[in-house]
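Let me begin by presenting the structure, written as structure tokens, before commenting on it.
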Amino acid sequence: MSTSTFPWLKGHGTENDFVLLPDPDGTIHGDLDAGLVRFLCDRHAGIGADGVLRVIEGSKQSYVEDGGDWFMDYRNADGSVAEMCGNGIRVFVRYLADEGLVGDKPVRVGTRAGVKEVVLNDDGTFTADMGEPALPRPSGIVVEANGHQWPALHVDMGNPHAVAFVDDLREPGWLLEQPGWSPVEAFPDGVNVEFVVRKGPNEVEMRVHERGSGETRSCGTGTCAVTVASARAARQELPVTYRVGVLGGAVTVTWRADNHLELTGPAVVHARGVFDRAWLPA
Ligand SMILES: N[C@@H](CCC[C@H](N)C(=O)O)C(=O)O
């Protein structure tokens, strides 16, 4: 049964920002209403965020078989469900660590894309084992924005990405709408689109239009997809490490010899409050 007031926190990872909803027993929010998510993420009428991270004990959720120690119930700003969030998972563990809810061991975070292990590093950053990438369609994808088209690589990080190389990050123009893609059947559930420029042998910069959230200042799963596309394009051997610059900062991604992607970056929680459902529009 949902309560009339509930706690919330706000955090970000390289300025990809989230409202966190602690719900350890899964009883505060039931199945989390999409309308509530949209309201909380609204930057003018709500709190404002790219997405919502609901925090449930792994054994108290019923979305996946193995919910890990803690399950990250991720929702995009438009209320849709996504499988995984690479910046969100670091913010999620930042919250758990701040609250003393985890010890020194790697935290097993359950997601709809499987359990991911996250560690807190001595320098305050977090490293997430993001698992193996999949390349369902190694060629033939085209993405389109503002009348321009680019060939793109489909990289699946548990959620879908299309990575396109550009000469200049201004080339795609304003990303106010979801970029188009072809063939349409490649992404039946939509896609996150990354535009990338190479800055050096192991350094790239990117912009991203996220499915369900619009253009954001960073996307962790996107930085992994971009690393895969960049290393493949340069025919680099594994392991390989990239610095990936995003609008909100930079992260480090290592594509390990065992084919796992490891994402390292900052995560902060910077505000908290109590929300009253009576404030929701009728
Ligand atoms: N910002 C996230 C990705 C969030 C989900 C994405 N919009 C989707 O729908 O797949 C990240 O940091 O990975």
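Placement of Cβ uses the backbone N, Cα and C atoms for every residue, glycine included.
In the three-state DSSP classification, Gly220 (substrate binding site) falls within a helix. In this view, Gly220 (substrate binding site) is surrounded by 29 other Cβ atoms within 10 Å of its Cβ, with every protein chain counted. For Asn16, Asn76, Gly86, Asn87, Asn159, Asn192, Glu210, Arg211, Gly220, Thr221, the entry in TrEMBL reads substrate binding site.
According to TrEMBL, the active site, proton donor annotation covers Cys85. In the three-state DSSP classification, Cys85 (active site, proton donor) falls within coil.
Cβ environment of Cys85 (active site, proton donor): Phe18, Gly51, Leu53, Met72, Tyr74, Thr111, Asn159, Gly220, Thr221 lie under 8 Å away, each six or more residues apart in the same chain. The active site annotation in TrEMBL covers Cys85.
The active site, proton acceptor annotation in TrEMBL covers Cys219. Residues within less than 8 Å, Cβ to Cβ, of Cys219 (active site, proton acceptor) and separated from it by at least 6 positions along the same chain comprise Asn16, Gly86, Asn87, Asn192, Glu194, Val208, Glu210, Val246.
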- Using the Cβ centroid of Asn16, Asn76, Gly86, Asn87, Asn159, Asn192, Glu210, Arg211, Gly220, Thr221 as the reference point for the substrate site, which residues of the same chain not in that list have Cβ within 8 Å? Gly51, Ala82, Met84, Cys85, Gly88, Val208, Ser213, Thr216, Cys219, Gly222
- Message: I'd like to know which of the binding-site residues Asn16, Asn159 has the most other Cβ atoms within 10 Å of its Cβ.
- Response: Asn16
- If you run the three-state DSSP split on Glu210 (substrate binding site), which class comes out? strand
- Message: Of the residues named as substrate binders, Asn16, Asn76, Gly86, Asn87, Asn159, Asn192, Glu210, Arg211, Gly220, Thr221, how far apart in Å are the Cα atoms of the most distant pair?
- Response: 16
